[in-house]
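Feature list, courtesy of Swiss-Prot:
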BINDING   THR65, PRO66, HIS67, GLY68, GLU69, GLY70, LYS71, THR72  ATP binding site
Amino acid sequence: MLTDMNISSRASLKNITELGADLGLLPEEMMLFGHTKAKVELSVLQRLAGQRKGKLIIVTAVTPTPHGEGKTVTSIGLTQSLNAIGQKACACIRQPSMGPVFGVKGGAAGGGYAQVVPMQEMNLHLTGDIHAVSSAHNLGAAAIAARLFHEARLGKKEFEAQSGQAFLAIDPNEIRWHRVVDHNDRCLRQIHVGLGDNNGPEYESSFDITAASELMAILALSHDLADMRARIGRLVLALNTQGQVITADDLGVAGAMTAIMADAIKPTLMQTLNGSPCLIHSGPFANIAHGNSSIIADDIALRLADFVVTEGGFGSDMGFEKFCNIKVRQSGQAPAAAVLVTTLKALKANSGLATEVDSNVSNIHVPNINATNINAPDQARLEAGFANLNWHINNVARYGIPVVVAINRFATDSDAELQWLMEAVNASAAFGCEISDAFSQGEAGAIALAQTVVRAAETESQFKLLYPDEVSLEAKLSTLAEVGYGAAGVSLSIEAKQQAQQLTALGYGHLPLCMAKTPLSISHDPSLKGVPKDFVVPVRELVLHAGAGFITALVGNVMTMPGLGLKPGYLKIDIDAKGEIVGLG
């Protein structure tokens, strides 16, 4: 079979203006970037304010493995197949970060005959939104550092006299706004700034990957430009010497940060291999952020299409949980149905029968199954791994959403094992189960899946949140740990307990939680496979994201700045003699 790059490069593409017109966009509602992509103006929301909305489908997966489950392949394939059976469908997915592209995971445009094209344009830069987020974020960091420098240099009286600004009395030990870059770079996890003469007070700082920036979450959760401006103004950049918050509005930098992101708030329109529309917007990770594409993209697509297919990052304990408890809480747009992606490989890998350390991913345990024997029939391992799938089925169902299981077929899969798995799923709480061949067959490979999803979406969804706003932060943590993960309980560090009290006292106790934990286990420990039991979730820190509207709980050893492994993806990427990019995939 051809590589993803080969398939993408051979694709016959619609002109982007034709694609937009087919979706229902007017020429003036598209800001063109060549012939293959365009930003969508938010004025379309005003024009279609009274339009009946379509149905939202959320795609999630079992606990992820290094073998890949094909969630984006399924999202794109389902969108293509919905259009093929006469439904008007649009996909809404996140913009890939270049960190994973050059790291282990690779691109995020789908694959095979179910991908967004041109895939190299999607995976590298796109229309520059991530760069805009990085620049706006780092302007905030530069502004707080400069203010600290000038206030320390001049003192209160002289600073106010010379600058005409209020003295903020920034506590250098309480600067909460650090810097970001869109690469995996572990050496930037802990740094000192202000070293040397005349460079400002020295303080400890760090870099996060841009996908973890609160601005990325704001981009994904804003309803319009005015909402984004208000949210950026609420960003907590530091505390003063009295323990009070200093916001981006207090610093006077919120307007400039918003200006940098003024075009980034517009989703980017691209197409799949069969000419189905796809809106790409925002890129928060699901392990260290809320892991879903934007509310704005969904809102535009829902006013133009019968079905909108979106996805949450990683497994249902990660992106799907945050889709429900953060995104839907803020958007008010509940899904009509969910698709849960699995593979035979994933279930065997999640069987918990053996593990080893993957040499390419530091501190991540993966199944001790090489590429040869994981493809071989192994009924015992498959049955043991089914417990993980069944847990995810029940996890989705607890939100009142009908769930359709999609088995992403590989060429090496055993027909007997596929048949056993379908029978096992049909005996579970799932609405239905279908095998998807979208990777190898494109739109023709997911027709049955599309038909079953349509039937599931016609049932009455009884969506419900996992917890209400008004309960305490400690109660929310307990609910997420015990109900959301099946834990025996939750333990807070001394620092986390103090932060919970402080956040409540400052008036932020009503906010939802964003759990930052490993995606490689339902628990906090990546070595615990299958369906872990009798574990306690350790919360080491609570981080306020007042602009985004949630509080992040850092669990276990999760990092907000990834590192590159022994065999990073950039080793394969180059330019050929024709000037074409090669090695992406």
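Using the three backbone atoms N, Cα and C, a Cβ is placed for every residue, glycine included.
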For THR72 (ATP binding site), which residues in the same chain are close in space, meaning a Cβ under 8 Å from its Cβ, but six or more apart along the sequence?
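Same-chain residues close to THR72 (ATP binding site) (Cβ under 8 Å, separated by 6 or more) are ILE93, ALA108, ALA109, GLY110, GLY111, GLU311.
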Name them in sequence order: residues not among THR65, PRO66, HIS67, GLY68, GLU69, GLY70, LYS71, THR72 whose Cβ is within 8 Å of the mean position of the Cβ atoms defining the ATP site.
ALA61, PRO64, VAL341, THR343, ALA346, ASN408
Hey, which of the binding-site residues HIS67, LYS71 is the loneliest by Cβ count within 10 Å?
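Least crowded of the binding-site residues HIS67, LYS71, by Cβ count within 10 Å, is HIS67.
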Out of GLY68, GLU69, GLY70, which has the highest number of nearby Cβ atoms, where nearby means within 10 Å of its Cβ, if these are the binding-site residues?
GLY70
Counting every protein chain present, what is the number of Cβ atoms, excluding its own, within 10 Å of the Cβ of PRO66 (ATP binding site)?
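PRO66 (ATP binding site) is surrounded by 16 other Cβ atoms within 10 Å.
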